[in-house]
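Some notes on the structure that comes next.
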Amino acid sequence: MAKNVVVIGAQWGDEGKGKIVDWLAEEAGGVVRFQGGHNAGHTLVVGGKKTILRLIPSGILHESLDCFIGSGVVVSPEALLGEIDELNAAGVKNVEGRLKIAPTCPLILPYHIALDQAREASRGKGKIGTTGRGIGPAYEDKVARRAIRAADLLHPEKLREKLDAVLAYYNVQLQHLHNAEPVKAEDVMAVIEKVAPRIAPMITDVSRVLNEKNKNGEKLLFEGAQGALLDIDYGTYPFVTSSNCLAGAASAGAGVGPQMLDYVLGIVKAYTTRVGSGPFPTELFDEVGVGLAERGHEFGSVTGRARRCGWFDAAALKRSIQINGISGMCITKLDVMDGVETINICVGYELPDGGKTDILPCGSDAVETCKPIYETMPGWRESTFGVKDYGALPENAKAYLKRIEEVCGAPVAIVSTGPDREETIVLHHPFA
């Protein structure tokens, strides 16, 4: 029996992870974020009411459920408290009492944001598509061993010493490399002094609590952010995020052993989208792509940026299945494909040397040269929106799902037919 489930995005993010985590959370004893920051939003719809979460795990709407932010997450204190305030205003109960933050979480502070935005502005046409929220610089500090972490909020005198040293490093870059204004220590301390009293009580040994819950037989749900094809190591580098987005990162990012990760659920959109720069072999530039974007409301929930849309890329998904060890797939937004007369599935790529491959190459330079090889399938006119029974799906929709399974080599466990948590078809429950 699977006891703990890891949910990851299997494409370039925006696959619909939030809804599925919220849905699975009904059976969990805890939900854990293990990587990323507040650079992407997870959208939940319950009873027609929309909630967008950026840092807080998507299980927070279940009012008796503990939620955890593991050490693999970089935390903006201001963004976190803003999110808590939004949930409080919406009537969600005891958010601060149920939210636990690892003391080892690196903090995102004003100088991270300043450098992130200054760098992106300096890149000109070479922009990598950063959200400008300080995620990358915060991860740099972690690796360079100069990060200010959540635990430092408990020791303001030592924190100030660390801050002075960090700002000396940052301000040289801001002033002399990017011709930007320096960040003042007093301004950063003002932010810290404002947020510390509220965040300090939430700081908890997350690793210990999770291991105790597991020992006591409670089911845990690990919630990934972004998508596997944005992974810092295996994504389309350098057009990637700054963290490891793979299922394996749940172990290090939450502080649990890999033997605790029983089932990996890959969230997969029924077509493909990407935000920002980077190669995208199946991207559509015609009315079909426009239609997918309009019907799928393909705009970032945090940034508002339009998402690029394209055909389903099974070759890219095969790479994701391989590097994540995906146990089962959840296909989301199947209803967006309603009415598409003819559907293409990318099953491989032609390479510049005349060869072929059935799996996404590594790195953006190699992917940019790939020409998609398509299989064509008939679409369906019937509506799949809100369908909750697999047998009620149109025959061509079922054939589409079956072909995805065959080409990718992983089973479809769940099908999402709408944004609400109830608009879900279950073929195999990950916790079963």
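Every residue, even glycine, has its Cβ placed from backbone N, Cα and C.
Feature annotations, reproduced from Swiss-Prot:
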| type | residues | note |
| --- | --- | --- |
| ACT_SITE | ASP14 | active site, proton acceptor |
| ACT_SITE | HIS42 | active site, proton donor |
| BINDING | 13-19, 41-43, ARG307, 333-335, 416-418 | GTP binding site |
| BINDING | ASP14, GLY41 | Mg(2+) binding site |
| BINDING | ASP14, GLU15, GLY16, LYS17, ASN39, ALA40, GLY41, HIS42, THR131, ARG145, GLN226, THR241, ARG305 | IMP binding site |
| BINDING | SER301, VAL302, THR303, GLY304, ARG305, ALA306, ARG307 | substrate binding site |
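The structure, with features from Swiss-Prot marked on it.
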residue	record	DSSP (3 states)
GLY13	GTP binding site	coil
LYS19	GTP binding site	helix
ASN39	IMP binding site	coil
GLN226	IMP binding site	coil
GLY304	substrate binding site	coil
What residues, ordered by sequence, lie under 8 A Cβ-to-Cβ from GLY13 (GTP binding site) and sit at least six positions away in the same chain? ALA40, ALA225, GLN226, GLY227, LEU230, ARG274, VAL275
Students should find that the Cα atoms of LEU334 (GTP binding site) and ALA306 (substrate binding site) sit apart, in Å rounded to an integer, by 20
Among the binding-site residues ALA306, LEU334, whose Cβ has the fewest other Cβ atoms within 10 Å? ALA306
Taking 10 A as the limit, how many CB atoms besides its own sit near the CB of ARG307 (substrate binding site)? 20
Between LYS19, HIS42, ARG305, which of the recorded positions has its C-beta surrounded by the fewest other C-beta atoms within 10 Å? ARG305
Over the residue list ASP14, GLU15, GLY16, LYS17, ASN39, ALA40, GLY41, HIS42, THR131, ARG145, GLN226, THR241, ARG305, recorded for IMP, what is the maximum interresidue Cα distance in Å? 34
Cα within 10 Å of ARG307 (substrate binding site) - qualifying recorded positions among GLY16, LYS19, ASN39, HIS42, THR43, THR417: none
Given the binding-site residues THR43, THR131, GLN226, THR417, and counting only Cβ atoms in the protein chains shown, which has the most within 10 Å of its Cβ? GLN226
Using other CB atoms within 10 angstroms as the count, which residue among the binding-site residues GLY41, GLY304 scores least? GLY304
Which whole-number value in Å describes the distance between the Cα atoms of THR43 (GTP binding site) and THR131 (IMP binding site)? 18
For LEU334 (GTP binding site), the three-state DSSP class is helix
If you measure between the CA atoms of GLY16 (GTP binding site) and THR131 (IMP binding site) and round to the nearest Å, you get 19
Measuring CA to CA, name the entry from the recorded positions ASN39, HIS42, THR131, ALA306, THR417 that ends up nearest ASP14 (active site, proton acceptor). HIS42
